[in-house]
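Below: the structure, in structure tokens.
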Amino acid sequence: MKSKLKLHGFNNLTKTLSFNIYDICYAETPQDQQAYVEYINQEYNAERLTQILTEVVEIIGANILNIASQNYEPQGASVTILISEEPVTPTESQIEESPGPLPEIILAHLDKSHITVHTYPEIHPDAGIATFRVDIDVSTCGVISPLKALNFLIHQFDSDIVTVDYRVRGFTRDVEGNKHFIDHEINSIQNYLSEDTRDAYQMTDVNVYQENLFHTKMLLKNFELDNYLFGDATSNLSSEQRAQVTERVKHEMLEIFYARNMPS
């Protein structure tokens with residue numbers, strides 16, 4: 001087993017894991033499209049997102065300092081959680097009746113990190129394609145690794161397409177004064193995914209190792225049209241219409257996966 005790196009002072013590395021998760025569906029009528037947006041707003045409102053992120057904090061072994069959440073009109077929600085590596089237990093000096101510290105002796109909180117989530121429901125009014133995007137950022141300073149939250153977050157949402165970015169920034173020093181720009185081995189984000197997740201998705205990597213920058217795109221392999229239908233479309237489509245919708249939904253997924261418009 002590798003011996004632990006002995007650091008001089010605090011681990012100043014910042015590790016950031018960013019997700020873009022997409023859920024795709026087909027809603028045929030304007031009424032169904034509006035119902036889909038309302039469903040998403042209810043299913044992934046600020047309260048539910050707060051519960052999910054609170055579990056993420058537990059998974060990565062951090063402690064919650066503060067939570068800010070907001071539901072938006074007409075749609076969408078956001079949650080931001082400020083976290084810390086250290087347990088949030090007030091010291092006697094923090095709760096006793098005494099003057100606070102002077103400005104010149106206040107220390108910067110270098111171990112503070114954060115988790116944010118934003119939701120973006122969107123509908124194509126003509127084609128009937130509805131997309132729900134979730135943006136999640138898990139940024140940690142110190143020894144906590146946001147990669148521990150990878151599998152949990154993918155399974156918490158109906159993830160048809162996922163783009164994941166992981167980067168390490170800053171440096172920390174060992175006791176001999178040498179800089180270390182990363183404190184763990186990694187050659188692919190895929191190595192942090194469970195076997196069932198790797199089997200379920202087609203994945204592509206774009207990694208810039210010398211910049212400690214890692215990128216993985218994921219597209220769900222198994223396509224069952226019934227999983228993508230919402231409202232009347234679940235029962236009212238003819239065989240020909242189902243074939244057309246299948247082509248339309250798959251085309252939408254490929255455009256999002258490759259991040260470019262593609263010919264129909």
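Heads up, the Cβ atoms here are built off N, Cα and C, so glycines get one too.
Among the features that Swiss-Prot reports, pyruvic acid (Ser) is placed at SER113. Under the three-state DSSP scheme, SER113 (pyruvic acid (Ser)) falls in the strand class.
Sequence annotations record features per position, and here Swiss-Prot assigns active site, schiff-base intermediate with substrate to SER113.
In this structure, HIS118 (active site, proton acceptor) is part of a beta strand by DSSP. Less than 8 angstroms from the CB of HIS118 (active site, proton acceptor) sit GLY76, ALA77, SER78, VAL134, ASP135, each of them six or more residues away in the same chain. Residues or ranges marked as active site, proton acceptor in Swiss-Prot (evidence: sequence analysis): HIS118.
Annotation note: CYS141 (active site, proton donor) sits in a strand segment as assigned by DSSP. As annotated by Swiss-Prot, active site, proton donor applies to CYS141, with the evidence given as sequence analysis.
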Problem set entry | Between CYS141 (active site, proton donor) and SER113 (pyruvic acid (Ser)), the C-alpha gap once rounded to whole angstrom | 6
Exercise. What same-chain residues, at least 6 away in sequence, bring their CB to under 8 Å of the CB of SER113 (pyruvic acid (Ser))?
Worked result: ALA62, LEU82, ILE83, SER84, GLU85, SER139, THR140, CYS141, GLY142, ILE144
Problem set entry | Protein Cβ atoms within 10 Å of CYS141 (active site, proton donor), excluding its own | 23
